[in-house]
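Engineer: A single structure is presented below for examination.
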Amino acid sequence: MLASASTVTAVSAVSTTESIGTPTLWTATIVAIVALFVIDFLITRKPHDPSMREAVGWSAFYIAIPLAFGVFLWSQYGSQQGIEYYTGYLVEKSLSVDNLFVFIILLSAFAVPRELRQRVLLIGVAGALILRGIFIALGAQMIASFSWTFLLFGAILLVTAIKVGRDALSDEDHTIDVGSIRSVRFIKRFYPVTEGYEGTSLSVKRDGKRWLTPLAVVAIAILGTDIVFAIDSVPAVYGITGDPYLVFATNAFALLGLRALYFVLENALSSLVHLGHGLALILGFIGVKLVLHWAHTVWPAVPEIPTLASLGVIIGILVVVTLTSLAANRRERDRDIDSDVEEELVQEH
């Protein structure tokens, strides 16, 4: 079922990479993830616009599960594995919040009705998890076979960090031209698309011909962006831990709560004006960590960055960008108030 094929491949790759992922642990984790997805699909079968209370409740649930699972890993396998898991989860959760920016833009560009957004998000999350399972398996095999894999992953993250940082500094509003999305153009060459949404249906049959609905098109667009996210995300966690099981677990748990988190953060995300700067720093830091790890295997005198230090740096960056974002928003509000007062004074005189 969901991600099982790609994850089985990851299990076979584990044999050459040190991992806590026993067959029993892998099986239990996959069964739990599939069960949670089934619950989510059942919830979204009946289209509705979730209330803030519902969204917050499910978000808290999907944060509590990985935190509790981390306690289990810490108690069963030791502090090193526990720290690696929590650090990897924090990195993935941070990147997933950034992914939500793109999801919000896509859903708005396609004018997806609010009551259908849960289903689209769930399809996107399912696709992301399958893709990341494949990337994790490939990454584990590459790490086991080629010593330069960490250098390659480090280079990918450094390039991504530069791009994210440049976008953050440009301070431009991000918009998406639906017609320019390659996956959308490609699919429209083979299938006609209905004018309006047909509930949760991805396709309908008209006059003996299969038509796609806009819901299918936006789902395909989101799956296309999932590929880009996976290329950045998987190397980032491999920069924290070389254990394919922990890489998979942190990715899966970070993705699971995105459906509910979307509705919690939909408006708040615009307030985190410096999140892009923070993610650029985090990706750059992990990229340097990976390059140093590779260099250490070639030249043992080269120092490595401990995982605990990485956790401290990442938490510190997230705290700083949150505080600076709040301060920037406060200054913006003060300027707006001052501007309104000046206008009133001018009108009075």
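Note that Cβ sites are derived from N, Cα and C of the backbone, with glycine treated the same way.
TrEMBL annotations: computationally assigned, not manually curated.
Below, the features straight out of TrEMBL:
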TRANSMEM  23-43  transmembrane segment
TRANSMEM  55-75  transmembrane segment
TRANSMEM  95-113  transmembrane segment
TRANSMEM  120-140  transmembrane segment
TRANSMEM  146-164  transmembrane segment
TRANSMEM  211-231  transmembrane segment
TRANSMEM  246-265  transmembrane segment
TRANSMEM  272-295  transmembrane segment
TRANSMEM  307-328  transmembrane segment
Engineer: Need a quick answer: max count of Cβ pairs under 8 Å to the transmembrane segment (23-43), which of 120-140, 146-164, 246-265, 272-295 is it?
Structural biologist: 246-265
Engineer: Before we move on, state whether the transmembrane segment (246-265) and the transmembrane segment (146-164) share at least 3 Cβ pairs under 8 Å, counting only pairs 6 or more apart in sequence.
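Structural biologist: These two stretches do not touch.
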Engineer: Any chance the transmembrane segment (146-164) and the transmembrane segment (55-75) are in contact, meaning at least three CB pairs closer than 8 A with a sequence separation of 6+?
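Structural biologist: These two stretches do not touch.
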Engineer: Using a Cβ-Cβ cut-off of under 8 Å, list the residues of the same chain that are 6+ residues beyond the ends of the transmembrane segment (55-75) and lie near it.
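Structural biologist: Distant contacts of the transmembrane segment (55-75): 20, 36, 81-82, 85-86, 89, 246, 249-250, 253-254, 256-257, 259-264.
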